[in-house]
Amino acid sequence: MINSGAFERSGSDDDENDDEMDVNAAEHTDEVVQALAVAKTLGKGSTNKTSGTKFDDITDGLRELDMDNYDEEDEDDDGIELFGKGLGDLYYPTNEMDPFLKHDNVDDSEEEEDMTIKPMDAVIICAHNEDDVSQLEVWIYEESSDGESNLYVHHDIIIPAFPLCTAWIDCPVKGGEKGNFIAVGSMEPAIEIWDLDIIDEVQPSVILGGIVEKHKKKKKGKKTSIKYKDGSHTDAVLGLAWNKEYRNILASASADKQVKIWDVAVGECNITMEHHTDKVQAVSWNHHAPQVLLSGSFDHSVVMKDGRLPSHPGFKWSVTADVESLAWDPHTEHSFVVSLEDGTVIGFDIRAASDQPSEMKPSFNLHAHEKAVCSVSYNPAAANLLATGSTDKMVKLWDLSNNQPSCVASKNPKAGAIFSISFSEDSPFLLAIGGSKGKLVILGSLEHLGTTTSRTNLCLYLKVLIFDDG
């Protein structure tokens with residue numbers, strides 16, 4: 001811009017100043033030509049008496065900085081280096097040798113202890129949703145020898161869709177003899193299987209079914225056409241059940257009115273059954289006859305089928321309301337209970353099954369709660385002990401001896417509407433509860449009463465304790 005004369009000003013006064021500046025510039029050496037040019041620009045409008053002084057000051061300043069030799073290294077430097085010489089200054093064989101890392105061994109040991117799951121710890125998996133974020137939370141419940149208890153989240157897994165049901169699996173999905181996985185059913189048609197042994201897991205180990213692609217049709221109305229994977233459900237997955245005998249087998253129930261049986265080892269659907277006329281809410285495998293599968297539906301029916309004979313119609317029991325959950329009695333192969341949306345719990349004995357549904361009478365019919373009974377759980381150690389949880393916010397324990405149910409305990413665990421309950425198989429008198437308040441509650445501790453104590457008294461001496469999040 002200086003060379004083009006863009007900064008030159010017109011008028012006699014300007015010309016007179018320019019002439020004086022040219023005279024001053026001629027008296028300086030070539031090494032300060034650039035400084036004079038800058039000074040010429042900055043000095044416009046100044047008087048003749050001060051311009052020369054300003055030029056001298058700027059020139060002296062530039063000479064002192066020695067900008068022409070800026071990039072050259074100073075051999076006489078006092079040994080101060082702004083930058084290291086390479087990776088040799090950055091790498092240390094161990095963190096203890098790195099002077100820039102200060103470790104607190106106490107904090108490290110405490111953190112490592114918190115992350116270590118001990119053999120006696122109870123592990124509870126919770127499907128959780130808050131602020132439109134869905135996740136699986138791995139909780140640890142530990143009880144020390146002095147009776148102190150601790151309940152905390154070990155780690156969590158972010159999942160992409162609203163969770164509706166879960167089932168634990170030990171099938172070696174990634175090889176080996178056993179694994180530690182959780183299958184999750186959600187509002188999406190896909191079933192995701194996550195590895196619980198990996199912290200900060202970002203992708204499921206296996207996805208059963210799901211959507212391949214979506215595209216809009218070019219017709220009027222712009223309807224969306226969805227292409228599903230082979231064998232996939234086409235609606236939300238409402239129920240899951242893992243077969244503990246045939247460990248690679250998983251059963252699923254869906255709002256698409258179908259029941260599917262999956263081989264998780266190969267990630268494929270082996271059998272699809274369509275014996276219900278409405279949404280299928282729950283499925284459960286028989287503990288003693290692992291080929292036998294129960295399914296409960298919103299069509300007010302429960303169907304028992306043999307997985308080896310999927311084309312057989314099976315046996316059907318009619319109920320009075322939508323099925324919420326169902327469970328086989330682990331202490332006998334012929335009994336199961338089903339809970340309904342109207343607060344009823346009904347017991348059945350499959351030995352009374354026949355081809356005439358009208359003749360299949362229940363073993364007992366119990367009005368257990370005022371609202372829907374969303375979940376039931378048999379105690380794996382005490383026969384005839386059943387827990388029920390309802391949207392009326394109550395959890396109840398029942399003695400089902402002689403098919404004459406009696407309530408032995410009732411508690412409001414302050415968890416909101418109860419959505420899920422489950423007895424621990426390893427610590428059978430711990431009951432995990434999840435509700436609408438979004439927190440986990442642990443109930444229960446059973447005092448040892450001796451082997452001669454009757455089953456009824458065993459239930460009556462059940463002490464209920466509550467442990468909050470902290």
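Every residue, even glycine, has its Cβ placed from backbone N, Cα and C.
TrEMBL annotations: computationally assigned, not manually curated.
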For the feature region 'Disordered' as recorded in TrEMBL, pick the matching range from 1-30, 91-120. 1-30
Against which stretches of its own chain does the repeat 'WD' (230-272) lie, if we need a Cβ under 8 Å and a gap of at least six residues from its ends? 164-173, 183-191, 193, 206-211, 278-285, 287, 290, 293, 295-297, 307, 310
Chain residues in Cβ proximity to the repeat 'WD' (366-408) (below 8 Å; excluding those fewer than six residues from its ends, i.e. six or more beyond): 324-331, 337, 339-347, 415-423, 425, 428-429, 431, 433, 435, 443, 446, 455-456, 458-460, 462
Averaged pLDDT, computed only over the residues in the repeat 'WD' (366-408): 96
